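Peer 1: Dropping the structure in here first, questions after.
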Amino acid sequence: MKLFLVLIILLFEVLTDGARLKKCFNNITGYCRKKCKVGERYEIGCLSGKLCCVNDEEEKKHVSFKKPHQHSGEKLSVQQDYIILPTITIFAV
């Protein structure tokens with residue numbers, strides 16, 4: 001009976017890294033692992049002391065999606081009546 005109770009407790013035990021891999025921080029499309037897989041590269045360290053492994057193909061898709069459209073040397077010919085100055089608020093300091 002004791003063995004049965006121990007078996008039930010072990011079945012409901014959830015491992016910390018078993019269910020899902022933790023994602024890396026700072027908007028990096030990678031996962032924290034002990035070793036990187038083939039086709040992945042090491043980006044930065046995770047908080048848990050593991051490596052942040054980034055898949056090269058997924059990173060290219062992510063960077064091209066987030067990259068804003070740049071104008072090819074075109075200058076705007078619109079004249080403004082005022083000058084836009086940078087402002088600093090109390091909350092920004």
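Every residue gets a Cβ built from N, Cα and C, even glycine.
Keep in mind it's a predicted model, so treat the numbers as computed, not measured.
Straight from Swiss-Prot, here's the annotation block:
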| type | residues | note |
| --- | --- | --- |
| DISULFID | C24-C52 | disulfide bond |
| DISULFID | C32-C46 | disulfide bond |
| DISULFID | C36-C53 | disulfide bond |
| SIGNAL | 1-18 | signal peptide |
Peer 1: Near C36 (disulfide bond) in space, meaning Cα within 10 angstroms, which of the disulfide-bonded residues do we find among C24, C46, C52?
Peer 2: C52
Peer 1: Counting across all protein chains shown, how many other Cβ atoms sit within 10 Å of the Cβ of C32 (disulfide bond)?
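Peer 2: So the number of other Cβ atoms within 10 Å of C32 (disulfide bond) is 19.
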Peer 1: Taking Cα atoms as reference points, which of the disulfide-bonded residues C24, C32, C46 is nearest to C53 (disulfide bond)?
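Peer 2: Sorting the disulfide-bonded residues by distance from C53 (disulfide bond), the top entry is C32.
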Peer 1: Pick out which of the disulfide-bonded residues C24, C36 has the most other Cβ atoms within 10 Å of its own Cβ.
Peer 2: C24
Peer 1: Within a 10 Å radius of its Cβ, which of these disulfide-bonded residues (C46, C52) has the fewest neighbouring Cβ atoms?
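Peer 2: Ranked by other Cβ atoms within 10 Å, the disulfide-bonded residues C46, C52 bottom out at C46.
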Peer 1: Specify the secondary structure state of C32 (disulfide bond) as given by DSSP, simplified to three classes.
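Peer 2: Looking at the DSSP assignment, C32 (disulfide bond) belongs to a strand.
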